[in-house]
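S.K.: There's a structure below that I have some questions on.
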Amino acid sequence: MPKRTDIETILVIGSGPIVIGQAAEFDYAGTQACLSLKEEGYRVILINSNPATIMTDTEIADKVYIEPISLDFVSRILRKERPDAILPTLGGQTGLNMAIELDKSGILDELGIEILGTKLDAIHKAEDRDLFRNLMYELGAPVPESDIIHSLDEAKRFVVKIGYPVIVRPAFTLGGTGGGICYNDQDLEEIVTSGLKYSPVTQCLLEKSIAGYKEIEYEVMRDAVDNAIVVCNMENVDPVGIHTGDSIVVAPTQTLSDRENQMLRNISLDIIRALKIEGGCNVQLALDPYSFNYYVIEVNPRVSRSSALASKATGYPIAKLAAKIAVGLTLDEIKNPVTGSTYACFEPALDYIVAKIPRWPFDKFESAKRNLGTQMKATGEVMALGRTFEEAMLKAVRSLETGQVHLELKHAEDNSDSWIEKRIRKAGDERLFFIGEALRRGVTIEQIHEWSAIDLFFLNKFKNIVDMEQTLADHKNDKEVLRTAKRLGFADKKIAELWDTTEEAIYAYRKEQGIIPVYKMVDTCAAEFESETPYFYGTYEEENESIKSEKPSVVVLGSGPIRIGQGVEFDYATVHSVWAIQEAGYEAIIINSNPETVSTDFSISDKLYFEPLTIEDVMHIIDLEQPIGVVVQFGGQTAINLADKLAANGVKILGTSLEDIDRAENRDKFEQALRDLNIPQPQGETAVSTVEALAIGERLGFPVLVRPSYVLGGRAMEIVYNQEELQHYMENAVEASPDHPVLVDRYLTGQEIEVDAICDGEHVLIPGIMEHIERAGVHSGDSISVYPPQKLTQYQKDTLVDYTTRLAKGLGIVGLMNIQYVISQGEVYVIEVNPRSSRTVPFLSKITNIPMANIATKAILGKSIVEQGYPTGLAPEQKGVFVKVPVFSFAKLRRVDITLGPEMKSTGEVMGKDATLEKALYKGLVAAGMEIRTEGTVLFTVSDKDKEEAIALAKRFSTVGYRIVATEGTAKAFEAAGVRTDVVGKIGAKGQTLIDLIQNGEAQLVVNTLTKGKQPARDGFRIRRESVENGVPCLTSLDTAEAMVRVIESMTFTAEEMPKAEVVH
């Protein structure tokens, strides 16, 4: 069937902001799909609320709407654009749920709009737990004993029948939100209640737990004429019971016999055919390790996290082909873009092993529960390729950037044997490293298997790694042993430790002995056909397949796995930088380790190396490619941190020089630079010990802001209010960087301003100034930011432009820079300068139409801003108002305090744009998932220092018709100021307490400002967590609450009594 000609315009629904469970893989899928549809000649309209992605660039679709993905806004766009069809299966769970809502509302029938790709009834059959079960019975596919429940009583009846443990899976949710494994009645009550709350249809599936089975996934594709193929099969190293997004995964499957593989493969193909899915689909199965029994766990009828992994693991572009299938093309008509000669109906074959390890945010959230279950907690993932399981695994560990280069714990000796057993029995983010330690202590693989249910095959491979450590230690300087160790993926750093020498010495010795990696091509067909993909991984074998090109090349370092503080914004900048390098006539080479992103799509760069971002792995590539230089400013802190080691190896750093990067990042040098330039900054000093820090605190006066130098996303940054808190901080957090001192600053309250600029060495271009709604002290990534600024005077704007221009030139910036200012009592102070691309670059580039990463890259390559045809100074302000609103994933992380502070906590962002600030804020808040009601109840619990401000807010809430509720102290203050307030009991009081109020859904909004101290057991913490678990918006900054009330005021009509005439005597 050739492609359809009866449709012209297609609306693609994006996946919205990045949250845990739905990350950059959908930006990748959506970008691929839009380009793929345009390639076939369709007119593509995109709606997505996320400004940080490549997908929402105007080149990707014919029309791009950055608007909330809500029934209201999507319907408006449908009415305005009248597309012929919509394609929802590439926008993750957001896209699917939106399609179902649109269908229910009747607008699709009314406008005659068709749904492309997988049909709605197939989506229902896969997502609705009841329909899915019935379909499996018809196919004769076994599913675990289960029951659909709508209330806690039904759940209890089911458990009486089959006993514990049971798994709870809420319907139509993402990343297992609200689900979990129950071992007893208490778990059941907690998890079922939360599951019913998070399911949009209040429905959960309870099933008999088959934890301990092998978890196998098949990524399959089918077209409209029933051709179906398996693109990739994958095996979770962790057994069933851990969400696949939190599992370590290998491809292809390692421990299945041919019979098992064929059996599971056939059922996967039967399922996709029975569901009549057109496009990609992911089938998860559980296999009993001791027999041929298996169960079908679930089916995702859409492009998913696993399909992004499968695409990168095999080189087979699933999303691109799914889009073509959606418009009627068939697998035997579509050329495989990798080989350029075979068709898409050939199943990929792998002659290497792929390992994926999730990246968790626990380094940012110390108080979070670290155990893993059916609810996903990872923010991102890394992938590595190798010729042996050991090599792929160790390369993946190095890619995580958690400071580990090997299968070992930090401070392993502090762990008792019983603690190690406990951490292996209960899955957690460090289980892999605990297994390594257990093997070193002589625990047998059979014993570890009994504790963890991880297959002996994998444990044996981990044992090979541990045995090799001993062999290396026994054979110092033996080059054959060295060669074997490198084949198992050992890092030079680890070998150096075992041989009592330095990493550099090992690297030099290997080069001299000719023990260097070769680069193999990822070609989808195990080298059966000629292939033209420039996609490589390194391994220690004979033949090198990566040929250095004739053209001069530039290497761009990517930003590694997505984590809090370093999100998809940096990938955006990386991709734009690559395009600019190509436009300037050079060959662009990318090194990155993240399978979810656009930058690791082989069609983006001239060459893609899928390797860890460590000095060893990067130097190998540079030795081979001999580029004219390396660009480090787009890869976030990951790339900046490699700069000094690269320069020490004689590599040219393009753009801002290493000395100048250091002048911006090193505190003492930075302060000196500001003094030379005569630019004011908050008073501050540097401490290298606790004693010194306490003395500085005394001198400056509290509160002070403390942080280590050289960190991203405000890691280990805190505002402390007294000596005890400062001492606690110095003793617990400063390990964040032992070689670097700690900065102690006077904490200025005031408005925070952020400026991005581009400098070519002599000219400075400032695309825009952004104003934060939350006052200084909230991390810039967690603040709502507004463009153009609404409150600045002309004098302040001029001062900001002047300081920014002087800083850019004075610090020798070439390329991008980001500066944060605070305006305290009318004066402008500099807080910090980042000599690199920042997380506001995509947002600013889109709203000002100044392609910042592109201009900066060309400036780095020697073409001035003026030569590129851009003006200097502050660009003229755009019409309208644009806001960037942070999005958090607190519902996924139990026990994390949601208070905003100097340490970043948001995982993603959305944009709202409109004619006025209030309208833009409304869209931003709605897109970020807040429900804004024009009436309801607002609960205030504020600290004494905030009472004054809170009274003014309470008055405004009351005027628009909200009921005000507060605890006794606050209520008294409100009443005294003339605000009608209902009193509610504190936690633990008799009668109705505020926790009851939140749990019963009586509050639509909670305003809770910090009570001092970071102790989680505090009442404030309980209130904030209860709000999150009950889906009530909780604002921890009065500035955000003020923004919210402005929006509500702008939506409501007033009802004021007539003024009385004054009596005249």
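Using N, Cα and C of the backbone, Cβ positions are placed for all residues, glycine too.
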S.K.: Gln32, Gln262, Gln284: which one does Swiss-Prot list with Arg129, Arg169, Gly175, Gly176, Lys208, Ile210, Glu215, Gly241, Ile242, His243, Glu298 for the ATP 1 site?
M.R.: Gln284
S.K.: If I go by Swiss-Prot, which of Glu698, Glu762, Glu827, Glu832 binds ATP 2 at the same site as Arg707, Arg746, Leu748, Glu752, Gly777, Val778, His779, Ser780, Gln820?
M.R.: Glu832
S.K.: Kindly assign Gly777 (ATP 2 binding site) to one of the three DSSP-derived states: helix, strand or coil.
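M.R.: For Gly777 (ATP 2 binding site) - judged by DSSP and reduced to three states - the answer is coil.
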S.K.: Roughly how many Å separate the Cα of Ile242 (ATP 1 binding site) from that of Glu832 (Mg(2+) 3 binding site), to the nearest whole number?
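M.R.: That comes out at 41 Å between the alpha carbons.
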S.K.: Where does Arg129 (ATP 1 binding site) sit by DSSP, helix, strand or coil?
M.R.: helix
S.K.: By DSSP assignment, list the helix, strand and coil residue numbers for the region 'Allosteric domain' (930-1065), in that order.
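M.R.: The breakdown for the region 'Allosteric domain' (930-1065) reads 56 helix, 22 strand, 58 coil.
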S.K.: Among Gln284, Glu298, Glu832, Asn834, these being the binding-site residues, pick the one whose CA is nearest to that of Arg707 (ATP 2 binding site).
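M.R.: Looking at Cα distances from Arg707 (ATP 2 binding site), the smallest one goes to Glu832.
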S.K.: Pull the DSSP breakdown for the region 'Oligomerization domain' (402-546) and write it out as helix, strand, coil residue counts.
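M.R.: Split into helix, strand and coil, the region 'Oligomerization domain' (402-546) gives 76 helix, 11 strand, 58 coil.
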S.K.: Filter the binding-site residues Arg129, Glu832, Asn834 down to those whose C-alpha lies within 10 angstroms of the C-alpha of Gln820 (ATP 2 binding site); answer none if the list is empty.
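M.R.: Taking Arg129, Glu832, Asn834 one by one, the ones whose Cα falls within 10 Å of Gln820 (ATP 2 binding site) are Glu832, Asn834.
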S.K.: CA-CA, which of the binding-site residues Lys208, Gln284, Glu298, Asn834 lies nearest His779 (ATP 2 binding site)?
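M.R.: Closest by Cα: Asn834.
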S.K.: Run through Lys208, Glu215, Gln284, Gly777, Glu832 for me and report the binding-site residues whose CA is within 10 Å of the CA of Glu298 (Mg(2+) 1 binding site), in sequence order.
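M.R.: Near Glu298 (Mg(2+) 1 binding site), where near means Cα within 10 Å, the binding-site residues are Gln284.
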